[in-house]
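Here's what TrEMBL has on this protein:
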TRANSMEM  12-32  transmembrane segment
TRANSMEM  39-57  transmembrane segment
TRANSMEM  63-79  transmembrane segment
TRANSMEM  91-109  transmembrane segment
TRANSMEM  238-258  transmembrane segment
TRANSMEM  265-284  transmembrane segment
TRANSMEM  290-310  transmembrane segment
Amino acid sequence: MMFAIIQPLYLVPYTDTYCLLPVFLSIYFITICIKSQKTFSLIFSSIGSAFFLAISYLTRPSSITFIIAVLLFILINLYKKDIRIKSLISFPPFLLTVILTLTMFNLFVSNQKIVKIDKSKELPMAHFILMGSFGDEDNRESIHGTWNAGDLKSTLAEKNKSDKSKKDIELFVERTANRGLARTIKFYGQKYFQITDTGVIGYHRDGLWLNYAYSANGSLSNKIQQIYYENGKLRPSFNFLCQIFWIITLISSIIALYFNRTWKVGVVTLSLLGGLLFLLIFESGGTKYMFQYIYLICLLSGLGISYCLNRFSGDIAIQKEGVKKNEDEQTLNNSSSLQRRRNTRNISKRSK
């Protein structure tokens, strides 16, 4: 968890960070639902999970990829009576809660007078796929697949959402066709590299914090800024620390994937795979976009570390058991040898 706790992106008020709490709560209620054996607990936990899932979706739609993995796990295991019964009890209130939460939110937005919403500027999903294809595959150090003014201007030039979507799809197809298969694969490879190449999850590629003013010397704010700002005195040491945690996180995640093949690891891995695939297709191109899935990375790493600790403690227990067994055998052998010597002496005395 240290890898997640020390990340600088917490300092940025954005949906990447806002979505984490409702995601955690939704997963928490799902785990209660899985473990529960009582009807009331099943219904209550399914409602709680659905409510926070809807909040997560409204905050950051791409943050709920984990629910797809959970649903796939349930479908695969429906042949088990326990899971089938739990699904029949919990799914109706779950679905109803999601629908009601989203409906109530849309009604609130439609009738609120706090801010004026211009729906003519609404962007279709195809726009973010188009932005995800922007970049120069021949320049590895340039930005790949992130926000750019050119694609936004082309989309906003259309009058309605349908025309915008059509225009975005046309531009995406044209851009991909011009690249060809080999260069397209190269582009998305570079894009994926920029999402996952460092343990410092933030805006370092965008240079967002380069021109920030520092607080007074000696203040707590200044000390924090020296750690997190790009040109801060302590930033190189912080980057090194992040990389150490990142390497440990990756190694423990690989251990979980290869040696701890349980359903828990399978669900977390599938959720993370879905998230990374989403980032590969849609707007991303930097580590900051991966922040919404940092909990999955930490969960997978934690499962790997837990496996190592259990294996290590198990080996120690086996070794201790083996040592004790050898000692007992040695004691028994010594006792047998001593008894044989005594018997030999007794026989010798009687013969005399």
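Glycine residues also receive a Cβ, built from the backbone N, Cα and C atoms like all the rest.
TrEMBL entries are annotated by machine, without manual review.
Using the rule of three or more Cβ pairs under 8 Å, pairs at least 6 apart in sequence, the transmembrane segment (12-32) is in contact with the transmembrane segment (63-79). Long-range contacts of the transmembrane segment (290-310) within the same chain, counting only residues at least 6 positions beyond its ends with a Cβ under 8 Å from a Cβ of the stretch, are 1, 3-4, 7, 9, 16-17, 19-20, 23-24, 27, 60, 62-63, 65-66, 195-196, 201, 248-257, 259-260, 262, 264-265, 268-269, 271-272, 275-276, 279, 284. Here the transmembrane segment (39-57) has Cβ contacts under 8 Å with residues 19, 22-23, 25-30, 32-33, 63-64, 67, 86, 89-91, 93-98, 101-102, 105 of the same chain, all six or more residues outside its ends.
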